[in-house]
Amino acid sequence: MIIYILLIAHFLADFTFQPVGLAQKKINNFRLLASHSLIYAGIFFMAVFPFVKFNYAVPTYIIITMAHFLIDWLRTSLDRKYTNRTYKFTSFIVDQILHILIIVSVSFIFSLNTHISFIFRNLMQWNLFENLIIYFLIFVIIWDPAAVFIKKLFLYINAQDSNIGDNNDPQIGRIIGKLERVMISSLVLCGQLGAIGFVLTAKSIARYKQLEDKDFAEKYLVGTLTSATIAFLTTIILKHLL
């Protein structure tokens with residue numbers, strides 16, 4: 001259960017509390033990289049020390065936060081040298097895999113689930129606590145991390161722009177995508193898989209005329225299927241942990 005809290009902290013710190021602009025600017029600005037690392041450290045402090053015994057919380061906190069800084073520093077150093085779209089997409093994926101592997105490895109090496117604090121032990125006695133943690137992790141993943149992944153994917157497959165339509169506000173498109181994933185995840189959690197089709201149909205009807213444009217239709221299909229797949233698989237996988 002501790003590992004889920006650490007993953008929530010990671011996704012919040014690395015996505016929700018790191019705007020896209022900051023993520024780009026820190027490549028050429030060490031102060032912004034340090035600022036992000038401090039925010040990450042602050043969020044992890046709140047995720048580790050209240051729930052893990054102090055003797056185990058200290059090394060866990062130091063290893064994860066220092067590893068995060070070093071991985072980000074190495075990535076920004078390489079990002080300044082390599083600018084092609086294949087590298088950028090690959091570096092994003094590898095970066096996240098490394099961060100998650102560090103968190104998972106530390107959790108198992110220190111057996112954090114067996115060294116929980118008094119506060120966490122009391123919270124675990126509440127029957128709904130574990131469910132709430134899993135639900136929160138699901139919605140954190142499908143909100144900002146999924147949106148960033150889809151944006152990176154479009155930058156990778158389309159060199160000219162990352163948006164589904166030239167005449168659409170990209171911010172509105174991201175909000176629609178986020179709401180779509182929330183609705184799909186909610187339906188999966190409720191066991192209403194058949195209703196997912198209505199969500200996708202409603203979205204397609206709203207874009208009906210634009211779908212006559214082949215270029216738009218291809219981007220729309222990639223974006224919609226990727227978004228729906230992320231929401232569906234994330235929810236199914238984490239739901240089985242309940």
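Cβ atoms are placed via backbone N, Cα and C, with glycine included.
Over in TrEMBL, the protein carries these features:
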TRANSMEM  32-52  transmembrane segment
TRANSMEM  58-76  transmembrane segment
TRANSMEM  97-120  transmembrane segment
TRANSMEM  132-150  transmembrane segment
TRANSMEM  182-200  transmembrane segment
TRANSMEM  220-238  transmembrane segment
Long-range environment of the transmembrane segment (58-76) - Cβ separation under 8 angstroms, sequence gap at least 6: 6, 14, 26-28, 33, 36-37, 40-41, 44-45, 48-49, 52, 91, 95, 98-99, 102-103, 106-107, 110, 112
For the transmembrane segment (182-200), distant same-chain residues with Cβ under 8 A (at least six beyond the ends): 135, 138-139, 142-143, 224, 228, 231-232, 234-236, 239
